Amino acid sequence: MTLRVGVLGARGRMGLEVCKAVDAAPDLELVAMIDQGDVLFSASDNHAEVLVDFTTPDVVMDNLRWAIERGISAVVGTTGFTDDRLAQVRAWLAEKPEVGVLIAPNFGIAAVLMMQFAAKAARYFESAEIIEQHHPRKLDAPSGTATRTAQLIAAAREEAGLAPMPDATKEEVDGARGASINGVRVHAVRAAGLLAHQEVIFGTDGELLTIRHDSLDRVSFMPGVLLAVRNVQKHPGLTIGIDSLLD
Ligand SMILES: NC(=O)C1=CN([C@@H]2O[C@H](COP(=O)(O)OP(=O)(O)OC[C@H]3O[C@@H](n4cnc5c(N)ncnc54)[C@H](O)[C@@H]3O)[C@@H](O)[C@H]2O)C=CC1
Ligand SMILES: O=C(O)C1=N[C@H](C(=O)O)C[C@H](O)C1
């Protein structure tokens, strides 16, 4: 028996890669490819059991509501999930307790490890800043990965009872010190030639630690996407990240 998978955003950079990965997996069947309302491909007898969404932050909530209402589980890589949006997804899922939704800011295994290492290191350093670097066609900043990393670092610092980071700088130009996410500075670089990269810089007296991750090809996200597709129905409710599937 194969698991029937539909892809939303199928013409996009990630969507195309997901379609190829699903198509190549013997236990999965690609039954629908949809992009901006165009059904590019549909095996009409077989509706999708799991939808994968790599679209844009402005449409992903409508897609999710549509899927949940129909009892279809979803794997979501699209960014832009605020706390309010996550609360809304939980509210929809409360009406459909059998449905699973997995939202991950990054499906790359090395990226997940980078976030875990950053969370572990955070308590030992006075200072922490994030530099994310992406291709210039990326629509949002800061990246979902940087936002999640900053949240994890801030939570670890709070749990350890650390004081606010030392910083005497007055911004002479707005934005010079980047964005602040829960007190962690995040700097977003956009340049041709980049794909998806992040450095987390930790500092304390006489010592620096830099944790760096590079996605050099979108195939890097596919093992994590397929892992989520294969498991999302076994995890009803909302799951954030693929960490729990890797343990
Ligand atoms: N979680 C992760 O590991 C990763 C997440 N991303 C995120 O995935 C999202 C997509 O990234 P890319 O593929 O680079 O963008 P893209 O712009 O290449 O693709 C988005 C696609 O969605 C389509 N689309 C727009 N509205 C739609 C709708 N209502 N229904 C169906 N399709 C619709 C667009 O036509 C486009 O083809 C972004 O939010 C990005 O940050 C990207 C890479 C990895
Ligand atoms: O848009 C991208 O390309 C990426 N988006 C995700 C993010 O915002 O973190 C994941 C990865 O960085 C690639």
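Sequential numbering from 1, following the chain as shown.
Every residue gets a Cβ built from N, Cα and C, even glycine.
Among the candidates ASP35, ASP58, ASP62, the one that TrEMBL lists alongside GLY9, ALA10, ARG11, GLY12, ARG13, MET14, GLY77, THR78, THR79, ALA104, PRO105, ASN106, PHE107 as binding NAD(+) is ASP35. DSSP assigns THR145 ((S)-2,3,4,5-tetrahydrodipicolinate binding site) to a helix.
Comparing the recorded positions HIS134, HIS135 on other C-beta atoms within 10 angstroms of each C-beta gives the minimum for HIS135. Long-range Cβ neighbours of THR145 ((S)-2,3,4,5-tetrahydrodipicolinate binding site) (same chain, at least 6 residues apart, Cβ-Cβ under 8 Å): PRO105, ASN106, ALA111, MET115, GLU132, ALA196, GLN198.
In terms of DSSP secondary structure, the domain 'Dihydrodipicolinate reductase N-terminal' (4-107) contains 34 helix, 30 strand, 40 coil.
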